[in-house]
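To keep things clear, I will list the structure first and then write my remarks on it.
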Amino acid sequence: MGYTLCVLGCGTMGIAILSGVVDSLDVSRIPNNLEKWESHTPGTMTPTGSPSDNTAPSRFLACVKREVSAVKLKGVFASMGVLAQNIEIFVDQNVQAVQQSDVVLLCCKPQLAHSILSEPGMQKALDGKLLISILAGVTISQLSSWVLPSTKVIRAMPNTPCKIREGMTIVTTIPSSPSEELDGAIILKIFSSIGRCRFLDEKHFDACTALSGSGPAFACIFLEAMADGGVMMGLPRAEALELASQTLQGAARMVLQAGQHPAQIRDAVTTPGGCTIAGLLALEDGKVRSTIARCIQVATDRASELGQPNKQ
């Protein structure tokens, strides 16, 4: 039998991760219902083996606080295929759900982590289990102080594109234990099935939160601006947005799949006296490069404050 996966605080990111994992296991939905640009990249792994594989989840629990959230989840899961319809929803029953689980994904707001993990019976329910936190700013040291020493605590930082299995997740190192190898396989199977997954020291997590966690929002500002420019020059809105979206995706995949440095791609497009160099100089005049870099710096600083009671 596979293990039971519980999502504590199944909001936007919880839904994204859960839907991505479930979709990756539902072979009936792959690849016929996916467009070309949503198919697997080399960084995305479809789990192998049967549902009885102990590194793949076979039961899914989603925890929410309010009944209205449960109704929303039911609607989301109903549109996701056969496996998603079997996801069990728990309303204000966190401890009961964790008691029935083997692996717990903590996906609540950072400021709610302590109250959730301090619920009566929660420490015992988490005894000996794998707790994976995706909370920005809440450290392993903090999380470990709220649970029993036997609870295996790690941090992961996925981003919202994991919903279409194009996510980027950073994971801390696996705690040393007799089940270390199995825990590592479980973690990789969860996050590699919804995009790319890399291990980094926890000291890098605030920067990862800013770069890949908040990054889709920053990228969409640039994407929208490119489309606006196309509209200003006479392109229909829909076509301008499509051209901008596919152009950014193509450039990113040249970096990821072909291993080209962004500067190589830029120089290959930039011909002497051409329109590209004219546009690049306009970007430099607007200090776009330094503004974007500073954006990551400011977001990193803010990420370090999240989850810290005295810095909200």
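Every residue, even glycine, has its Cβ placed from backbone N, Cα and C.
Annotations in TrEMBL come from automatic prediction, not curation.
Per TrEMBL, the feature signal peptide maps to 1-24.
Residues or ranges marked as NADP(+) binding site in TrEMBL: Leu8, Gly9, Cys10, Gly11, Thr12, Met13. Counting only same-chain residues at least 6 apart in sequence, those with a Cβ under 8 Å from the Cβ of Met13 (NADP(+) binding site) are Cys107, Ile134, Pro158, Thr160.
Broken down with DSSP, the domain 'Pyrroline-5-carboxylate reductase catalytic N-terminal' (78-137) shows 22 helix, 12 strand, 26 coil. The domain 'Pyrroline-5-carboxylate reductase catalytic N-terminal' annotation in TrEMBL covers 78-137.
The NADPH binding site feature in TrEMBL is assigned to Asn94. Around Asn94 (NADPH binding site), a 10 Å sphere centred on its CB holds 23 further CB atoms from the protein chains shown.
Per TrEMBL, the feature domain 'Pyrroline-5-carboxylate reductase dimerisation' maps to 202-306.
Calculated from their C-alpha atoms, the gap between Asn94 (NADPH binding site) and Leu8 (NADP(+) binding site) amounts to 7 Å. With all protein chains in the displayed structure included, the most crowded Cβ environment within 10 Å among the binding-site residues Gly9, Gly11 is that of Gly9.
Across the domain 'Pyrroline-5-carboxylate reductase catalytic N-terminal' (78-137), mean pLDDT in this model comes to 91.
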